[in-house]
Amino acid sequence: MSSSEKRFIYADNAATTRISADVLDAMMPYLTTEYGNPSSIYALGRNSGFAIEEARAKVAKAIGAKPGEIFFTSCGSESDNWAIKGTLARLAPKGKRHVVTSVFEHHALLHTVQNCGYDYTLVEVDEQGLIDPQKVKAAIREDTAIVSIMFANNEIGTIQPIAEIGKICHEAGVIFHTDAVQAIGNVEIDVNEMNIDMLSLSGHKIHAPKGVGALFCRRSMIPKNLIDGGGQEGAHRAGTENVAGIVALGRAIELATADIPKKVARVSKLRDKLIGNILKIEHTRLNGDPVQRLCGNVNISFEGVEGESLLLSLDNEGICASSGSACTSGSLDPSHVLLSIGLTHEVAHGSLRLSISEDTSGEDVDYILEKIPPVISRLRAMSPLWERIKAAEK
Amino acid sequence: MLYSDKVLDHFSNPRNVGEIPDADGVGEVGNAKCGDIMKMYLKINGGVIEDVKFKTFGCGAAIATSSMATEMVKGHTIEEALSLTNKAVVEALDGLPTSKIHCSVLAEQAIKAALSDYYKKQGIDPEPIVGNIGECEACHDL
């Protein structure tokens, strides 16, 4: 294969996304001329207030909810924290002091549950990264306050049977929350059809800026406040609104959910081309389910290679990606997600996540596929672990 | 991870990568579970390290510290190599992020492990000379 000119390829859309020009245009007035505080009585303030309500309606429409069920927050993590902590604070006095979640949730959920001081059960996932709804059912107790299962996993992209899990929760009379930060714009979501009571989402994963998120919550289940103060968001979430961010989120979610089947059809084709071709390299494995998978997610382990050096090598080729290796997580252990689906530490250290988007072109995919094999060969050639793997084969 | 230009250079263009088939001393430290293994090969003649090669499975810092450590001992005496500290390797690389200091410890240990092997092959007990090389002790410090 002839070597092409160095390009810049952003393949880390599960980490964050580019702010789209359309979204930037929509939010710009609220960073410049429309700076009024939405709580103010005069026209300048009212303009901001109207803009927020317009955005609220857009977010609601995107997931089949009512505007009154949408509360703006600062990010997905805040939404997760609020849903769990606020629900426990509300229901613990009524004897509901237990949470059911899964072992491979995002840390925003997992650490919240582990640190909140209440009882919890972590449901295991299978080797493909799928959750069996019956296991959720078995984990629900008399005193369960809330079940929280992520819609789609951020690392390996598996999409869970959310409607079925929601049905089980409702039959048991338990609140069902889902972290849909990765799913929004990639999966069609209807909170009513899918039996969802609470849902966390974030702007910066769908081409809005960082610093804005939302929690969908049924009116009868609003958690106790996480942030007290003024009367913003119906007195449920204090703090002067991030007007520009909220407007951006409204526009971004409108764009992201406009034609999901079309996006999924196009992007999953590119994803499958990446997966099929990368798996031709020996001693590799796909992490996560091949079918029940986010359209932009590729997660592959390369035996004998360490993830961070793989990322640095790809960065040298202009490719931005991420890994579940310990070195990139800042801890000794590799990703809890990869360990939860049964990978050994050795194999988990050598994982690569590429997350492509509607911005990714066929040429981008070809470029990535041209650059990965020599990078892997180079790192394996200097790896004593690879030497051992090859020696064991003989 | 904020790496210095020197670390990135040694990662992208590592010096002395490879093996020495007839090495006089070979040392391997670290383990796959922790995510880094370093293997050093030494060719020693008249108390001088004439050649050195390494192979490393690990992060950018692991590869860069291996590369720098080989440069710092090549052409030097055994005594000089034994006095190489992880701190000197870090300084030569214009610093390392705190979470990566253990990589420099591994590089120092890898050189010492190879020298221990050299002494063992000579029928000399290496411990009084090289000292006791901890088994992946950096991992336990984290």
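Just so it is clear, glycine is given a Cβ too, placed from its N, Cα and C backbone atoms.
Note: TrEMBL annotation is automatic and uncurated.
Straight from TrEMBL, the features:
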{"type": "ACT_SITE", "residues": "A:CYS327", "note": "active site, cysteine persulfide intermediate"}
{"type": "BINDING", "residues": "A:GLY76, A:SER77, A:ASN154, A:GLN182, A:SER202, A:GLY203, A:HIS204, A:THR240", "note": "pyridoxal 5'-phosphate binding site"}
{"type": "BINDING", "residues": "A:CYS327", "note": "[2Fe-2S] cluster binding site"}
{"type": "DOMAIN", "residues": "A:9-367", "note": "domain 'Aminotransferase class V'"}
{"type": "MOD_RES", "residues": "A:LYS205", "note": "N6-(pyridoxal phosphate)lysine"}
Using DSSP, would you call A:ASN154 (pyridoxal 5'-phosphate binding site) helix, strand or coil? coil
Under 8 Å Cβ-Cβ from A:SER202 (pyridoxal 5'-phosphate binding site), six or more apart in the same chain: what's there? A:CYS75, A:GLY76, A:SER79, A:VAL181, A:ILE184, A:VAL212, A:GLY213
Please report the DSSP secondary structure of A:GLY203 (pyridoxal 5'-phosphate binding site), reduced to three states. coil
Measuring Cα to Cα across A:GLY76, A:SER77, A:ASN154, A:GLN182, A:SER202, A:GLY203, A:HIS204, A:THR240, which the record gives as the pyridoxal 5'-phosphate binders, how far apart are the two most distant ones in Å? 30
Measure from the Cβ of A:LYS205 (N6-(pyridoxal phosphate)lysine) and count the other Cβ atoms within 10 Å, all protein chains considered. 27
Neighbour count (Cβ, 10 Å) for A:SER77 (pyridoxal 5'-phosphate binding site): 20
A:LYS205 (N6-(pyridoxal phosphate)lysine): which of the binding-site residues A:SER77, A:ASN154, A:THR240 have a C-alpha within 10 angstroms of it? none
So of A:ASN154, A:THR240, which of the binding-site residues has the fewest other Cβ atoms within 10 Å around its own Cβ? A:THR240
